[in-house]
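Accompanying notes for the structure given below.
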Amino acid sequence: MNGSTVTNGNNGYQNTQYTTVFEHDSLQQRKQKGWFGTRHFVTLMLSLGMANAYVMRTNMSVAIVAMVNHTAIAIDDAAATDNAAVSECGVTIDKNSSLTSPEADGQFVWQTDIQAYVLSAFFYGYVLTQIPAGILGKKYGNIRFLGIGMLINSVFGLLVPIAAEMGLGWLLTVRFIQGLGEGPIVPCSHALLAKWIPPNERSRMGSFVYAGAQLGTVISLPLSGLLSVSQWGWPAIFYVFGAVGTVWCITFLIFVKEDPESHLTMDPVEREYIQKSLGTIVGNTKTPPTPWLDIAKSLPFWAILLAHMGYNYGYETLMTELPTYMKQVLHFSIKDNGFLSALPYLAMWIFSIMVSQIADWMLTKTYFSSTLVRKILNSIGQFGPAIALFIAAFTGCDKWVTVTLLTIGVGLNGGTNSGFRVNHLDISPQFAGILMSFTNCMANIVGLMAPIYAGFMIKGTPSVEKWRIVFITASGVYAFCCTFYLLFASGERQPWDKPQEEDKEQKEQKERMV
C-alpha cells in the first residue's frame, strides 16, 4: 500500500508524520483496547479542577446569606426609602416587606453595596491573571500555573472565615487573591486539551471538562446551604471546600503531565495515537512566535470572542439574578431550596454531556463539517436561552412556568460547550490557551456588568416590569452574539496557526509522492 498523509476528518488537521493508511487504521483499532486511557484521566482531572473552581466562586453567594444581619439592613433601608407600595403577584410590597426573621441573621451588618464588593472581589482578581496565564503557560508549561494557582485559591479559601473576623479589608484581599489563583484554570485547561485530546474526541472531552463548572455549581449550592445551617455554621463551607481543593491540587501536580511526550509511563500505543491524530512532530519542542496581528484580523477569532462575551452576560444574569427575581417578584426564594437552586445547572451538565456525544458523532460524517457542527451546537446553546428568557419575561406571576423556562434556558446553554468553547482548539491548536485567555478575560469583564445592570434597573421597589427589561436585555445580547458567531465562525485550522516547519515538511511529502 502506498504511503499517504493522513487527514483527520473535517477538522483540517493534517498530520505531519508520513504513515500508511493501514498503519493509521491499526492505531485506531488498538487504541480502543482500554476504555480508560491516560488522556481520559487528564480529562477527568481537568473536569474535577473546573468543578473545584466553580465551587470556590459560588460558595460565597450562599455563605453571605448566613453571614449578614439582614434585619438590621432591612431596617436601615426602610428608613431611607419612601412609602411607595406596589401589588405584585398577590403580595403588597412596601418598605417593611423585606424584613427578615432574626433567626437567619449573621453577625455582619453589610449593606447591599458592601455585599457586592465581597462577591465581586474574587472576579477582579480572576480577570487579571487570565491573559498572563495563557501567555506564560504557553512558554513555561501549563501544569505549574494551573496547579499552583488553584492551590493558592484553595489555601486562601481556608482563610476566608479568619479574614472576615479580622475585618472587611482583609476579607476583600483574601477573595481577590483567590481570584488571582483561579485565573489560569480556563486558559491552561484549554491548552492541555489541545495537547492531549485528538480532534475527533474534542467535543465530548472538552464538554466533559467544562461541564465540571455546572457540576461544581450543583454540588456547591445545596451543600453550602446545608453546611451554613449545621452546627459549624457558615465557616464550614470554606473549610470543607478549601480542604477538598487542596487535595485535588496536590494530586494534579503529581500525576498530570504537560503532554504525552513527557508522560513516560503511559501506554506507548495511546501516545502514538494521540501524536499521529494531532500531527505532533516527536522531539520538536520549539515554541513558535504568537501571530498577534493575524489573530487580531481573524474573523473566526472575533466570532468566538463575541459568542463567549454573550454567553457570560446571559449566564451571569441567570446565575446571579434568578434567586433575587424569585424572592422579590414571585416571593419564592429558590436559594432557600438547594434542589431548585441547583436544578438549572444539573440540566445544563446533563445536556452538555449528551450533546457532546452527538457532536463528535456528527464530526465523523462527511456531510457535517467542523464549522457546521460548531454553528449548530452553539445556536442551540445561545438562541435557546435567548428564547427562554424572552418568554420568561412575560410569564408574570406563574412561578412554576418561569422556573421551568429558565431551567430549560440554562440547560440548553450546555450546547455552547460543543460550540464556541472548544472552537479555539479547532482554529488554533497551538495557541488555544492564549486565545482562551483573551476571550475568557473579556467575557468575564462583560459578565461582571450583568448584575450591575440588573441592580440599576430594579433599584427601588421591585416589579415584574423592571425585571422584564433585565430578561429581555439578556435575551437580546444572547441573540446578537450568536448571530455574529453564526455568520463568521469557522471550525477549520487557520493558516496563521500552522508553523513554517510544518508547511515545509508537508510540501516535501507532496513532492515525494509525486
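The backbone N, Cα and C atoms fix where each Cβ goes, and this holds for glycine too.
Residues annotated as domain 'Major facilitator superfamily (MFS) profile' in TrEMBL: 62-493.
What TrEMBL records for 495-514 is region 'Disordered'.
Below 8 angstroms of C-beta separation, residues 146, 150, 153-154, 182, 185, 189, 192-193, 196-197, 201, 205, 208-217, 219-220, 241, 244-245, 248, 251-252, 255-256, 260, 263, 266-267, 270-271, 274 of the same chain, each at least six residues beyond the ends of the transmembrane segment (36-55), sit close to that stretch. The annotation transmembrane segment is assigned in TrEMBL to 36-55 (among others).
Feature annotation from TrEMBL assigns transmembrane segment to 114-136 (among others).
The transmembrane segment annotation in TrEMBL covers 143-164 (among others).
Residues or ranges marked as transmembrane segment in TrEMBL: 208-229 (among others).
Sequence annotations record features per position, and here TrEMBL assigns transmembrane segment to 236-256 (among others). Remote same-chain partners of the transmembrane segment (236-256), defined as residues 6 or more beyond its termini with a Cβ less than 8 Å from a stretch Cβ, comprise 41-42, 45, 48-49, 52, 55-56, 59, 62-63, 143-144, 146-148, 150-151, 153-155, 157-158, 160-161, 192, 220, 223-224, 227-228, 230.
Listed as Cβ neighbours of the transmembrane segment (342-364) (distance under 8 Å, sequence separation of 6 or more from its ends, same chain) are residues 9-11, 199-204, 206-208, 210-211, 214-215, 217-218, 221-222, 318, 322, 370, 373, 376-377, 380, 403, 406-415, 417-418. Taken from TrEMBL, the feature transmembrane segment applies to 342-364 (among others).
Beyond its flanks by at least six residues, the transmembrane segment (376-394) meets 203, 307, 310-311, 314, 317-318, 355, 359, 362, 402, 405-406, 408-410, 412-420, 423, 467-468, 471-472, 474-476, 478-479, 481-482, 485-486, 489 of its own chain at Cβ-Cβ distances under 8 Å. The transmembrane segment annotation in TrEMBL covers 376-394 (among others).
The transmembrane segment annotation in TrEMBL covers 400-420 (among others). Outside the transmembrane segment (400-420), and at least 6 residues removed from its termini, the chain residues within Cβ reach (under 8 Å) are 203-204, 206-207, 210-211, 214, 303-304, 307-308, 311, 314-315, 318, 322, 326, 330, 334, 340, 343-345, 347-353, 355-356, 359, 373-375, 377-382, 384-385, 387-389, 391-392, 485, 489.
Residues or ranges marked as transmembrane segment in TrEMBL: 432-456 (among others).
The transmembrane segment annotation in TrEMBL covers 468-488 (among others).
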